[in-house]
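Record features, source TrEMBL:
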DOMAIN    A:610-673  domain 'MrpA C-terminal/MbhD'
DOMAIN    A:684-763  domain 'MrpA C-terminal/MbhE'
DOMAIN    A:794-916  domain 'Na+/H+ antiporter MnhB subunit-related protein'
TRANSMEM  A:162-185  transmembrane segment
TRANSMEM  A:298-316  transmembrane segment
TRANSMEM  A:322-346  transmembrane segment
TRANSMEM  A:367-388  transmembrane segment
TRANSMEM  A:408-430  transmembrane segment
TRANSMEM  A:451-473  transmembrane segment
TRANSMEM  A:505-527  transmembrane segment
TRANSMEM  A:565-585  transmembrane segment
TRANSMEM  A:597-618  transmembrane segment
TRANSMEM  A:689-707  transmembrane segment
TRANSMEM  A:750-768  transmembrane segment
TRANSMEM  A:895-919  transmembrane segment
Amino acid sequence: MSLFLIVALPFLGALLPGLMIRAGRQVCFVTTFTVTALAFIGLMTHLPGVWRGEVPTARLDWLPGLGMNLDLFLDPLGLMFAGLILGIGLLIIAYARWYLSRDDNMGEFYSYLLLFQGAMVGIVLSDNVLILLVFWELTSLSSFLLIGFWKHLPEGRQGARMALTVTGMGGLAMIGGMLILGQIVGSYDLTVILQNRELIQASPLYLPALLLILTGCFTKSAQFPFHFWLPHAMSAPTPVSAYLHSATMVKAGLFLMARLWPVLSGTEVWVTLVCSVGLLTMVIGAFIAFFKDDLKALLAFSTVSHLGLICFLLGTGTTFGAMAAVFHILNHASFKAALFMVAGIVDHGVHTRDMKKLGGLRHLMPLTFLIATLAGLSMAGIPLFNGFVSKEMMLEEALHTTLFNSPLLVTVVATLGALFSAAYSFRFISHTFLGAERHDYPAHPHDPEPGLWLPPALLMIPVVGLGIAPFLAEPFVRLVTGAVVGGVAEMPEEHLALWHGLTPALAMSAIAVVGGLIWLALFGPLARVWHAMPRPEAKDIFDSLIKALANGAARFSHRLHDGSFTRYAAIFVVTVVGLGAHAWFTGDAVAPTRAMLPITPVGVALWAMLIAAAGFLVLYHRNRLAVLILMGIIGLIVSMSFNYFSAPDLALTQISVEVVTIILLLLALNFLPNRTPAESTAGRRTRDAVIAIGGGVAVAALTWTILMGDFPMTSMSEYHLANSYKGGGGDNVVNVILVDFRGFDTFGEIIVLGIAALVIYALTEALLNGEVRAKLLNRDFEEARAGDAHPLMMVVLTRVMMPVVLMVGVYIFLRGHNEPGGGFVAGLIVAIAVVMQYMASGFAWADSRQRYPYHGIIGAGVLVAGLTGIGSWFAGEPFLTSAFGYFRIPPMNEFELATAAAFDLGVFLAVVGAVMLSLESFSRLGRRAGTETNEHAMDIDPSRPSVKQEG
Amino acid sequence: MEFLMSTAIGVLTAAGIYMVLRLRTFPVIIGTSLLSYAVNVFLFASGRLALNAAPVLRDGIEVYTDPIPQALVLTAIVISFGMTAVVVIMALGSYLSAGEDLVDVPARDAEIPTAPHALRGEAVE
């Protein structure tokens, strides 16, 4: 199976559970399970090849210019992790099927789980660090959804937020580190980076890169001091904890450290930093875990501790350490996943996870007890279980590691960690299952159904099998270790074995186990001391930190944004004018190079009218109706100026837009006050006038300079003029630019227009369904309303004119390619023809005759335009390449057909739909406001029996 | 002619800015419309003014108007209608639900110096 498919399967599959849940929980489960199983089988088909030393790859160029390509490869390390993610994923999916209650939305859960799974598989198979980072962030996001799955629990929400904050910040650091790494090597290909150990370690940027990458790994893998998010993530449903904290999420950090081991490890900083952080985390985690009463909290801190252990092993920088780390990753995944599931079973059966309320369950839940004991002893590091073998290797490695010039330090700390680890493991078993049976369990304890115990039971096969015969895993572990080491060092001589003879490590192990038993025996007094001791609560520190940050940000933005739009606008204008003035007075003024066009009487007349209209508008702006009339005048003058200055297309467009804009504003004014109250003080008005005049003078000066100078570089208009007919088949260059040269822009523009109309529709819906509805219904109009809402003359006229106007629209559309006109103008004209019917004959009358919803017309327009564009693919040309030809059907003259016309049809439809949908939405508001519904276009019709009077 | 054009654009801009600085929604919308006129004409004029130049290709004619600014402005005119419509429905919605058409947040509503609601509510639980 292609590697692409292995990564894509969980993502694609994530779409299914949400749909399948409608067919029932069982179908939903089977679908999810099948998706993961397919991916797992696909992965396993590569196993023989990888075993022989092949590295399957899959490459797809995405943004080659940035070095960001969808490159995947499957080496043994990736195979082991992908196998863990998908294999344990299968068990978790099965376990969750029986764990989730009927109140939980199983489809949602499985969708999140598959998203997370896909992101994890993506990380371990990436061969491009940028793609890896994308998947890395995806795991943070999807784990946020999983941890906060129980949205009704505040702990769940807080835990999810904390996990996202910590791992997200780490992710940011990681991005920085990876980019630096890519800069050093000059490539973002992981395989290339891995071959440049000397180059990277000699670079002065090695240290920052290392620190940033380690920050990312430490946060993800919950290393001290970033460990605190992990226990809080325990408020997630137990299957999530079992998945995230045994095999996947927290192992991602370790995976990356192992992946980059060949280029990053071995330096003094690496050894000191990674080893000490690992050791510290191991001991602290194990120490705290012992005192946790909640089973999942105990396991959470134990996970922190084991992650520290693996971190330490990777930090030593020896190949033996790497081998031990690989083996312990496998072992920890198996026993920890099982233990989490056991905690879930206990919770399910007894309705509590508090060990103070548990104990004596061994006879009531014998099967669970068996699984818990096997997995727990493995966690404690008892011989014959797999945890023992890798822990022995860790102690062996500790004996040979020197930190801070003290050979004994590491040995002692590692033994201490192992001791606490044994202690909490024993406590997990004994305080839950051993001891006397109690009578006050919150529920009647019993072994669960097979769906719950089978998944952890299956995990006992490697726990016991590899514990008794570790040599079985040796070829595979060596293979993976080879991939981690990446040929920069010799493979270790040592073998995986149960018995190495009477070694110092065995003695340390014995000390740990015996010490752990003694430590457990002292639990009572120790716990009292622990609880009496003041200790820093990481969550409180985190919370107050976040709160301080949020408050600071709120105060800052509040000062900046005080909610006064007027102030922002004033500051904006003043700043822009100030910057412009600075440039103007400090730069070199360009001398005029063009001769001024002679001033004509028409020009002066238009100019004078415009100035007068604008002046009156400002003077009488409190009278809103007058403002609208003046706006109409200004729009008309602007259209005429366009026409005067040789732009007929613009003139046509402007004048038709003017009509619909004024209608729209009139509709709005129907609801708004008719007058603007006088509020501003004289000082304020003066200030605004000064700002406005400043802006006006600046724009006038700018325009003057531009108009009097020549183009600073050759205009590309020449190209368009020369090629409009040859390449686009049209004489109207403006239209050819719109539908051909810049067709893609136009495509975007009609989409924007459609979105605007839909936004208006949605807002109207929201208004009509909210509290505004009642206000509209009870609303009084300020002024007397017209007695004759639908005058006879107007009804007759508009109806007679309708076909004529439509014909004009068709004419304007058809001639658009060669003469002024086109889809935009034609669309506006047709819209006006329809609006006239609404105005003259009433909304209800016109609406009942309108067969196609305007949304559909917008959609059809965008679709037609898009399909025209796609059509050129079939001719092997890029999107929106136009074609045209000349045809002749006798007895007609020769005529032209161009694909651009089909595109223009799309523009036409989108414009009609958008304009009509906007206006219709506004008038729907009006209908709600008490206008009587008219069934007939004319209110006065003597032939009708009942005559309705309006107004 | 260039002088008339520049001053006309300047006057439209000044009127637009003055109206944008008013306190009620309706004049502000009118102001943005005036600014749209100014910007559209400015963009159009950036192709340099031409009187009686041919806008459409014809045999034997050498001098044409600049088509690119025209194409730019043509779509801008249509889009500005969409923008005006969206702003108007927002203004209308706020007037109908709040009962007043001020553009500035009233001072009494603006006094929220503490953290956003999510953090106030939950982090202290």
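Every residue, even glycine, has its Cβ placed from backbone N, Cα and C.
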Distal contacts, the transmembrane segment (A:408-430) - CB-CB under 8 A, six or more residues away: 275, 279, 282-283, 286-287, 289-290, 292, 295, 298-299, 301-302, 305-306, 308-309, 312, 339, 355, 372-373, 376-377, 379-382, 391, 394-395, 398-399, 401-402, 508-509, 511-513, 515-517, 519-520, 523
For the domain 'MrpA C-terminal/MbhD' (A:610-673), jot down how many residues DSSP puts in helix, in strand and in coil. 53 helix, 1 strand, 10 coil
Apart from its near flanks, which chain residues at least 6 from the ends of the transmembrane segment (A:298-316) lie with a Cβ under 8 angstroms of it? 218, 221-224, 227, 230-231, 233-234, 241, 245-246, 250-251, 253-254, 257-258, 261, 265, 270-271, 273-286, 288-290, 292, 322, 324-325, 328-329, 332, 336, 339-340, 343, 355, 379, 391, 393-394, 397-398, 400-401, 414, 417, 420-421, 424-425, 427-428
Taking residues 6+ outside the transmembrane segment (A:451-473), which of them lie with a CB under 8 Å of any CB in it? 91-92, 94-95, 97-99, 327, 330-331, 334-335, 337-339, 341-342, 344-345, 348, 367-368, 371, 374-375, 378, 383-389, 495-498
DSSP puts the residues of the domain 'MrpA C-terminal/MbhE' (A:684-763) at 67 helix, 1 strand, 12 coil
Within the same chain, where does the transmembrane segment (A:505-527) have neighbours whose Cβ lies under 8 angstroms from its own Cβ atoms, ignoring anything closer than 6 residues to its ends? I mean 6 or more beyond. 290-291, 380-382, 388, 391-393, 395-396, 398-399, 411, 414-415, 418-423, 425-427, 430
Can you tell me how the residues of the domain 'Na+/H+ antiporter MnhB subunit-related protein' (A:794-916) break down into helix, strand and coil by DSSP? 86 helix, 8 strand, 29 coil
With the cut-off at Cβ under 8 Å and a gap of six or more residues from its ends, the chain residues touching the transmembrane segment (A:367-388) are 302, 306, 330-332, 334-336, 338-339, 342, 345-346, 349, 361, 418, 421-422, 425-426, 428-429, 432-433, 447-448, 453, 456-457, 459-460, 462-468, 470, 498, 509, 512-513, 516
